[in-house]
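Taken straight from Swiss-Prot:
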type     : residues                                                   : note
BINDING  : 38, 63, 64, 150                                            : Zn(2+) binding site
BINDING  : 40, 114, 150, 300                                          : substrate binding site
BINDING  : 181, 182, 183, 184, 204, 205, 269, 270, 271, 298, 299, 300 : NADP(+) binding site
COMPBIAS : 7-22                                                       : compositional bias 'Basic and acidic residues'
REGION   : 1-27                                                       : region 'Disordered'
REGION   : 91-110                                                     : region 'Disordered'
């Protein structure tokens, strides 16, 4: 079968031939439909994130996938059922407390592998196998965009955890801001716009730009951070009740605290490389304590977040899905899915269709 992988000798994505996998007991065989490409895939390729499976000379890429059950293998799934796979798996097949309680997304380093990212092959192949417990049903009506379930699940978890910090009191947020106008940021912006009176999105793009067009269509305010840095949002626009960071730009973590309103919460999802810079720690501490602000980090997601994401996917407007997916390519031309450019928002590798 055809797979897209990265080898220890090559930097870019490679079209490889590998044997079709056979499912173990408790696993199903899935025929892949589409796999999305995101920033993490680029980080895996350049070696700044993730790692190869033990002893392997290559790793199959891809963690945003949708497929069709080819062989249920006695799992209780049905042949022809559309599913989206979660990402984290038990390390070396051995369970631990995080997997036993259904919270693999809360496991520390070394207590998990991640398909297509850390220590385990991904889904960018014509077929893959997975334990049935990690396959989430997706309605056929949205199968074409089922690869978005994984990124949507990341936001479902981030929002859940951020809002949980405000549950002890009567929090009445009106304004939300997304830092980053990539595909994840734009999906999140639409989600937040359904909840908040006013929404903003911070980016670094000149008009005309397709991502800014989406921001405008959603009805949000675009903020160019070259003109208005994040910590100047309160003066230029307003202090924010909720800030969702999806840039990986390290200063944004600290600028978020300044940009939050009284009782506000910020959630960090970007993964920056090491970067030393000066921070006024006293003022930062003061802002958090005296104004009841909160800053949290979150990564990955689990089955319940995938299930919530499936519901959200069914609510996304057709125009947003059409505008968001800018490249659909086959495995033979996978390089197109990894090209960076101002017109590229969300790229997809298509292996098959329903």
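Each Cβ is built from the backbone N, Cα and C atoms, and glycine gets one as well.
Features as recorded by Swiss-Prot, highlighted on the structure.
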residue : record                 : DSSP (3 states)
38      : Zn(2+) binding site    : coil
63      : Zn(2+) binding site    : coil
114     : substrate binding site : strand
150     : Zn(2+) binding site    : helix
183     : NADP(+) binding site   : helix
269     : NADP(+) binding site   : coil
299     : NADP(+) binding site   : coil
> To which of the binding-site residues 38, 64, 114, 150 does the lowest count of other Cβ atoms within 10 Å belong?
Replying inline: 38
>> Give me the DSSP three-state residue breakdown of the region 'Disordered' (1-27), ordered helix, strand, coil.
In response: 0 helix, 11 strand, 16 coil
> Any idea what the Cα distance is from residue 269 (NADP(+) binding site) over to residue 300 (substrate binding site), rounded to a whole Å?
Replying inline: 9
> Given the binding-site residues 181, 183, 271, 299, 300, which one's Cα is the least distant from that of residue 38 (Zn(2+) binding site)?
Replying inline: 183
>> Counting Cβ atoms within 10 Å of each candidate's own Cβ, which of the binding-site residues 63, 204 comes out highest?
In response: 63
>> Tell me the Cα distance separating residue 63 (Zn(2+) binding site) from residue 299 (NADP(+) binding site), rounded to the nearest angstrom.
In response: 14
>> Please give me the CB contact count at 10 A for residue 271 (NADP(+) binding site), counting all chains in the structure.
In response: 14
> What whole-number distance in angstrom separates the two most remote CA atoms of the substrate-binding residues 40, 114, 150, 300?
Replying inline: 13
> Do any of 64, 150, 271 (binding-site residues) have a CA within 10 A of residue 300 (substrate binding site), and if so which?
Replying inline: 150
>> Nearest of the binding-site residues to residue 181 (NADP(+) binding site) by CA-CA distance, picking from 40, 63, 64?
In response: 40
> Cα of residue 40 (substrate binding site) to Cα of residue 271 (NADP(+) binding site): how many Å, rounded?
Replying inline: 9
> Highest CB neighbour count within 10 A among the binding-site residues 269, 299?
Replying inline: 269
> Cα-Cα separation of residue 150 (Zn(2+) binding site) and residue 183 (NADP(+) binding site), in Å?
Replying inline: 12
>> Just to be sure I understand the packing, how many Cβ atoms besides its own are within 10 Å of the Cβ of residue 300 (substrate binding site)?
In response: 20
